[in-house]
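Quick one: the structure is below, questions incoming.
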Amino acid sequence: MGRRDSGRAVAQRYRGVTRGVTVIACLMVVCACVGLCDATGQKRHSWEAPGCHLVGHTRVVRIPDCVPFQITTNACRGFCVSYAIPSPYQTLVYNPNHIITSRAACCDIIDTLDIPVQVTCVDGVREIVFKSARSCACSICRRE
């Protein structure tokens, strides 16, 4: 009876291991299908790398009584470092309520340029000026 019991224990362990391997294999397939795992290690877009990057942004503009038009301007896209840590002792001595110290940077437009566009409207041609990002950088996050 001892051999039969140990055989069952081995079979149960084997089933548990194969289930674990199956789950891992399924996760790898899902990950690959979704595109989260890139075997080459390369990013599909420049903005997927850490930092703040200049990217083109195309949209259709509709102005009442004017012909709709498409325009491409530059925007900033990416991600910057942010974190929160328990406040250092010196900070707590100065302000006991300041328990957490946070640092954050946001992807932001640093400089812009004007893009003039001639738009055909019912009352004639109008010149409308759009802003386009010239440069981008990680900077202090602001509330607006």
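The first residue you see is number 1, and the count goes up from there.
Even glycines carry a Cβ here, placed using N, Cα and C.
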Could you pull the disulfide partner of CYS52 out of CYS26, CYS106, CYS107, going by Swiss-Prot?
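Swiss-Prot annotates a disulfide bond between CYS52 and CYS107.
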Between CYS26, CYS106, CYS121, CYS136, work out which one Swiss-Prot annotates as bonded to CYS66 by a disulfide.
CYS121
I want to verify the bond table. Which candidate from CYS33, CYS37, CYS76, CYS80 sits on the other end of the disulfide that Swiss-Prot records for CYS136?
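Of the listed candidates, Swiss-Prot names CYS76 as the partner.
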What does Swiss-Prot give as the disulfide partner of CYS138, choosing from CYS33, CYS37, CYS80?
CYS80
List the Cα distance (Å, whole number) between CYS80 (disulfide bond) and CYS107 (disulfide bond).
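Cα of CYS80 (disulfide bond) to Cα of CYS107 (disulfide bond) measures 6 Å after rounding.
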Which residue among the disulfide-bonded residues CYS52, CYS66, CYS80, CYS121 has the fewest other Cβ atoms within 10 Å of its Cβ, if you could check?
CYS121
In sequence order, what residues of the same chain, 6+ apart, have a Cβ less than 8 Å from the Cβ of CYS107 (disulfide bond)?
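In sequence order, CYS52, HIS53, CYS76, ARG77, GLY78, PHE79, CYS80, CYS136, ALA137, CYS138 meet the Cβ cut-off.
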